[in-house]
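Notes to accompany the following structure.
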Amino acid sequence: MDWDSICFNAATLIAGVFVLDSGADKFLDHTVIVGQRLGISPTLIALLTAGAEYEELAVVVAAIVQGHSPLALGNVVGSAISNILGAFSLALLVHPGHMEFDKSAKIYSALLLFITTLFVILAFFNQLNKVTGSLLIAGFVIYILSIGYAIYKGVTEAPQLSDCDSDSDSDDDLPVHQDDHAAGQNSQTSISEHSPLLADTAPSRDHNGARKPPRSLFYHLCQLLLGLLALSLSGYIIAHSAGALTQSLQLSGTVFGLTVIAFATTLPEKFISVMSGSRGQGGIVVATTAGSNIFLLTICIGVVAVTGIPINHTDNFVLFELATVWISALGLVAIVFLGSSRIAGFVLLAAYTVFIVLEFTVYRR
């Protein structure tokens, strides 16, 4: 075993994850601002950015280009599992009391269960091909249109942006944050007080109290492109280093994607869940979790399926993995409809730990 190669690729993978997260933040933050400057509907912006896993999509595309389709598939399904068992569980654990979920949260979680069920059926019967992949991508478009219509009719509320608590290079274009006391009082509002949807409505102030002039549209376009470039390069780096590690460690790309890559690329979701859970913001937690998984199981899986690259039988999902992703979605729905508790969070986190251990031991392939 070449330890020098393993250490180098592991270090490259870690560095790539940091660049990926930074690039995704920059891309989303400035996309929101550019969209607002161009007069795009705030609801549409929220639907396309809340829970959107563009960093996962970057890794998926890069893995496909390099011929690592099993790694791409494993990363997507592993991330869907990690978002619920590894991130949503943390929100339940850090919240001291009973977390409330509104009607919108119930709608989003029910949609997730439906889409997860559809994916599991297709994967179990080996029907992930160009036709079904195209249908999954079309399904995401239908999801956006239907949710947008429901918001317009007042049936549900627009999802809150998942990256609202992340640091951003565009902070000087975002509103001044309220103090913690005010934030706690307004945590149940439909739009978070920290939401980038409110960008440019209250320009930040310098040390002398004078308002800073807003940045130009050209500046935000350049930052958006830089974020997109960072996403593309880091996706390539992660896919390449992960592919090398799977060969060195004699693991299948599916297992490595399900565990290591999925855990690393969903770290931002875990941070957001902890922050939102500590504030009792159940809407943000569910919007982030459900929105992320719907994006993963439609757009990302659809892209992999449309490529039509054949996958060896050893790299197919086993029943245990498909059952885990479906039961995770069912658990999310049960908690949202029946109520949350720290015990439920502990059970989910324990299940995620068991899943990781079994993947590296019993189901290693």
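Placement of Cβ uses the backbone N, Cα and C atoms for every residue, glycine included.
Taken straight from TrEMBL:
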{"type": "COMPBIAS", "residues": "184-193", "note": "compositional bias 'Polar residues'"}
{"type": "DOMAIN", "residues": "10-145", "note": "domain 'Sodium/calcium exchanger membrane region'"}
{"type": "DOMAIN", "residues": "221-358", "note": "domain 'Sodium/calcium exchanger membrane region'"}
{"type": "REGION", "residues": "162-194", "note": "region 'Disordered'"}
{"type": "TRANSMEM", "residues": "76-95", "note": "transmembrane segment"}
{"type": "TRANSMEM", "residues": "107-125", "note": "transmembrane segment"}
{"type": "TRANSMEM", "residues": "131-152", "note": "transmembrane segment"}
{"type": "TRANSMEM", "residues": "217-239", "note": "transmembrane segment"}
{"type": "TRANSMEM", "residues": "251-272", "note": "transmembrane segment"}
{"type": "TRANSMEM", "residues": "284-311", "note": "transmembrane segment"}
{"type": "TRANSMEM", "residues": "317-338", "note": "transmembrane segment"}
{"type": "TRANSMEM", "residues": "345-363", "note": "transmembrane segment"}
Cβ contacts under 8 Å made by the transmembrane segment (217-239) with residues that lie 6+ beyond its boundaries: 12-13, 15-17, 19-20, 22-31, 33-34, 37, 54-55, 58-63, 65-66, 68, 71-72, 169-170, 173, 261, 265
For the transmembrane segment (131-152): best-contacting stretch of 76-95, 251-272, 284-311, by Cβ pairs under 8 Å: 284-311
Tertiary contacts of the transmembrane segment (76-95), as residues 6+ beyond its ends and Cβ separation under 8 Å: 53, 56, 60, 116, 257-259, 261-263, 265-266, 269-270, 272-274, 276-278, 280, 285, 288-289, 292-293, 296-297, 300-301, 304, 317, 321, 324-325, 328-329, 331-332, 335, 340-342, 344-349, 351-352, 355
Intrachain residues whose Cβ lies under 8 Å of the transmembrane segment (345-363), provided they are six or more past its termini: 81-82, 84-86, 88-93, 255, 258-259, 263, 318, 320-321, 324, 328, 331
Secondary structure content of the domain 'Sodium/calcium exchanger membrane region' (10-145), with strand meaning DSSP E or B: 112 helix, 0 strand, 24 coil
